[in-house]
Structure formats: structure tokens, C-alpha cells
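Take a look at the structure set out below.
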């Protein structure tokens, strides 16, 4: 089955943009940009799914109330336009995470994702599974995804071990956003899961390798502004044109963005999309204008209009 084809059971496939949080110059969230943002993703990038309030969205720098307002606006404005809105609800606090999960169900999000808590870290896969179970129980009807990003959380549990039998304690479990570089663990997850689950890859510059392993889609920050090119990469891969797929992947990784930096990514999105998403929130720093311009010029040289 093509990873770009919609499925009747709403299995999450294809590209998913990890959205930036629009912020005013005064440091407040800016909900007015979300409508035009959705139109840009759909019309200019060919991206029909979003992952809201994740790492790219600076979720850990937002209040619970801000995250609720953002999730509500994304769900409201995306209705009838986007295929799926997945709301990341993970927090350091179990209670805050449960509150956001319950809220996501109330606003009819299409699914929720949860990152591992990273201050007091779960000591094992069993402990993390119990944490996830406690969250899922507050929104039992919503498709539930584990968001694995060990480079950010410092929680590097074996995901294949984590998902062993997880459907017995989380019946709504539907897959993993796998933002780790352990391809053996990734492959074991893909081999284990039932057909209605999804494994979505989260390291944009390594997507082609993950496609070879059999992932069902990808969630990433760069798909906000290179989604149209990555859709071509996926199409080339699915038609067996590995030379073309490899060519596009190499072009993408030649952008100087290999070290994940929300401030740089957000400023580049501002430059390329024409949207005013504003600055990041401290402690993330705004990308210096000269650096953003240099990256935009590099982009324009790689993908001339």
C-alpha cells in the first residue's frame, strides 16, 4: 500500500508537518495565523496532516492553557481541510498530560501523541508503558501514539520492548513517532506491529533509509517548507526510482539544518512561506537575520523556482 494513499480507517500515513507555534513580537501565541498556515501547507506543500504542540511547536515552553487554545484552533480551522490533526499532549507532569489528553478528546482531535517525561525519567520500558497507560485512560477513544525522541528526552528505551503487548493495556494504541537513529529497533517495531498501526519516522534527513525499512509515513519540521519536494522523494521511492529518490534526499540534507534548531527552522519557514510565525520563545533564540538569509539563499540555489 502506498504511504501517500489515504486509508478508510484513518490510518496515519504520508507526510505530517510538525507545526511551529505562531508567536507575536510581544511573546504571546498568535492564533490568527493558523488558518492561512493550514492553507499554505495544503496548497503549497501538499501536506494534509499536522502534528501540533510537539518539539517544533515548543510545547514545553508553553502553558497548559496556551496548548489548549492552540489545539482548539488547529482542530477548528483544519476541519474539512486536513486529513488528520494529531495533538501532542506530553508534559513533565502526569496530571497536565492527562488534562491535555482529555481536552484533545473534547475538541475531537484525530489522535494524541505522548513524549516520555524527561526530568524525572521512566527507569524502564515497563514504567514508561504504565505512564502512557495512565494518559490514554483519560482519552480512551482517541488513537494514541508514543513519541520517541531520545536525543531530546534522554529516555532511550527500546521501543520494540515498549510496544510488546501494549494494546492489552492501551486498546487505542495506534503507533509510534520514531525520532531515533536506531534502525534495528525501528525495523523490529515495523516487523511487530499489526496492519492498523503506523510507524512514522521523525528524522527528516534520514527519511529515505527509513522508507527502505518500511515506515508508513514521516513527521517533521522541514515538511512545513520542503513537503512538496519530499512528496516527490516518496513517489520516486514507491515507483522504484531509487536514483531520483536518493538525489532529492541528498539535496535536502545539503541544507545546513542537520543540527535540529527550532529558531533556525522557524525563521526559514517565515522567509519561505511568507507567513508571520514570529520568533521562538526563550530559551530558544531567534535565528540571526544574516544566517537565515544565507540558508534561504542556499535553499533557492537547491530548489530554484
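Even glycines carry a Cβ here, placed using N, Cα and C.
TrEMBL: automatically predicted annotations, no manual curation.
These come from TrEMBL:
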BINDING   56, 219  pyruvate binding site
ACT_SITE  147  active site, proton donor/acceptor
ACT_SITE  177  active site, schiff-base intermediate with substrate
Looking only at Cβ atoms, how many others are within 10 Å of the one on residue 219 (pyruvate binding site)?
29
Any same-chain residues 6+ apart from residue 56 (pyruvate binding site) with CB under 8 Å of its CB? Would you list them in sequence order, or say none?
18, 19, 20, 221, 224, 262, 265
In sequence order, which residues at least six apart in the same chain have a CB under 8 Å from the CB of the residue listed as 'active site, proton donor/acceptor'?
54, 88, 90, 113, 114, 115, 116, 176, 177, 179, 202
All chains considered, the count of other Cβ atoms within 10 Å of the Cβ of residue 177 (active site, schiff-base intermediate with substrate) is 28
